[in-house]
Amino acid sequence: MTQVAKKILVTCALPYANGSIHLGHMLEHVQADIWVRYQRMRGNQVHFICADDAHGTPIMLKAQQMGIAPEQMIAAMSQEHQQDFAGFNISYDNYHSTHSEENRELSGLIYGRLKENGFIKNRTISQLYDPEKGMFLPDRFVKGTCPKCKAADQYGDNCEVCGATYSTTELIEPKSAVSGATPEMRESEHFFFDLPAFSDMLQAWTRSGALQEQVANKMQEWFDSGLQQWDITRDAPYFGFEVPDAPGKYFYVWLDAPIGYMGSFKNLCDKRGDLNFDDFWKKDSDADLYHFIGKDIVYFHSLFWPAMLEGSGFRKPTNLFVHGYVTVNGAKMSKSRGTFIKAGTYLQHLDADCLRYYYAAKLSSRIDDIDLNLEDFVQRVNADIVNKVVNLASRNAGFISKRFDGKLADKLADAELYKTFTDAGASIAEAYSSRESGRAIREIMALADIANRYVDEQAPWVVAKVEGRDADLQAICSMGINLFRVLMTYLKPVLPALTQRTEAFLNTELSWDAITTPLLSHQVNPFKALFNRIDLDKVSAMVDASKEDMVTAQNVVSGPLADNPVQDTINFDDFAKVDMRIALIKQAELVDGSDKLLRLTLDLGGETRQVFSGIREAYPDPAKLEGRLTVMVANLAPRKMRFGISEGMVMAAGPGGKDIFLLSPDSGAQPGMQVK
């Protein structure tokens, strides 16, 4: 009976759009890609998607530091991320962004359904506020001591030591991560998702087999502690989606981030005519939905996400596949040691297949951390891929090419041995299917040892010197190449670049189902080097370059600050001499004879000043400035100009021309007030 192809949708966690992809990120994307490639080899219909997580205060603040719009920053970051994933041959069908119309519509739809179904609650909360920056502080911008385990230097929403979640107000001795100031408590109305209403459903789902045992056990601890309502809104200023019918309130990034899976798939469906969004996301969908994620975001994916889907009438994930962290040389990745390696830096020095293989050899279905030991990395890749697999082809291909014009023998030299190799496919397939790629690699390398032992025993280099044994030589070498073909078929999900070169050499596609039929009387192409041995010097150069990346990141910041550095330090007495006041622009008009100046009539609350300001290009319709409050230097000596006397200076930011921005105070300021 022919097995019916499965419909599968696979996602990876969305990389945050405020930084580069590093080798820690790549573990997840490689793991998922290996699993996806295996499923595709077995004939299943797999759609593999991802997107950038592009909202939140960190992105807003970083864009401000760079002097660019958040949209500009996330667009550049998306391009870099996609280039890195392509360099590692991650076979995404679609890569999108949470800052998209698809995601805006779906976020609004899900929120609307949750609200209509009674799962959204409104209440006024006390929230930490940075008095220096004039903004409410989101969870990740408050740091302090965990209220559960008392670990220091933890974020305001969850503890990286014990995994607990809490509100920022529970944090002990909080500090603003933006300014370092001690936050103040202020009140604000927020919207909450009623997570406790889904407790029974979530507990049943937890034990349904949808989660690894380690994850299910951790979730039970959260259930025992009691689920809390989840704050899903943030106050302006915030870069994200404004909540419908709630001006100044924005969806918290963790609400629209997982919806980004749906948004990316919707974008793919709109591009193609053969995909139906509802077939994969409707309540009774028969498609499989798998999320590959790291253990640091289990809470959001195992509680909030399935509850949101359930409450809004969509299907829940079939399974969450959770992995551990990456360490390098037994320690946390370090910029100072050069082990915080960006994906782009790696690709400048080494073949992507090398890291894919090393990760595959270490991965299992458990949530264990993976150590990238750089010396072991070099030794294992060279020993396994070069010495065992590729060497098997090179030892035999030369004879086939030179002595037999690239033609393989018409029968197998050892049919029983070949059957041993193809029979092993069932166990290797089961390992891949269950995400036990480490076990699959061990079984494949055991076969590689057998294949090389066969060649050693048959010694084709000796047979080649014996007159009249051409048929034996062709049979031995053809057997070696057929065994190489089976090995590379099993390695195809792991080594896509080497697979492509192998298929060119063998003159055939590597197919799992095809290996039961050996290549007999088959024409292969002239052998070319398939894989280069890793040179330890290249690894050292990569580490050194990563140290240089850190120095560059520390010393070169793009944006206004880099273009116009801070001036020499002045003392407080010098600064105190400058008297800045709030001024009301009563009249603003063009200056005849000047293409740069505007004449401003300013009210200082009892005194009127005339100021000439070079802001005409930025404000071509000066009447729009009238009635606006601004800041002026009130004690600047009057300056006689061709058009009249200027009695001060208004304050503005920007490089000049059209890019200049008049400063305005917050509401409540009055003309004449001193700016301190």
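Heads up, residue numbers simply count up from 1 along the chain you see.
Using N, Cα and C of the backbone, Cβ positions are placed for all residues, glycine too.
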Swiss-Prot tags one of 112-116, 182-186, 332-336, 522-526 as motif ''KMSKS' region' - which one?
332-336
Looking at 15-25, 224-234, 312-322, 499-509, I want to know which stretch Swiss-Prot calls motif ''HIGH' region'.
15-25
Near C159 (Zn(2+) binding site), which residues of its own chain have a C-beta under 8 A away, given they sit six or more steps off in sequence?
C146, K148, C149, A151, T165, Y166
Please work out the helix, strand and coil residue numbers for the domain 'tRNA-binding' (574-676) from the DSSP assignment.
7 helix, 47 strand, 49 coil
In the motif ''KMSKS' region' (332-336), how many residues does DSSP call helix, how many strand, and how many coil?
0 helix, 0 strand, 5 coil
Can you tell which of C146, C149 has the most other C-beta atoms within 10 Å, given these are the binding-site residues?
C146
Distance between C162 (Zn(2+) binding site) and K335 (ATP binding site) at the Cα atoms, whole Å?
25
Including all protein chains displayed, how many Cβ atoms other than that of K335 (ATP binding site) lie within 10 Å of its Cβ?
15
Please spell out the DSSP helix, strand and coil residue counts for the motif ''HIGH' region' (15-25).
3 helix, 2 strand, 6 coil
By the DSSP assignment reduced to helix, strand and coil, which category contains C149 (Zn(2+) binding site)?
coil
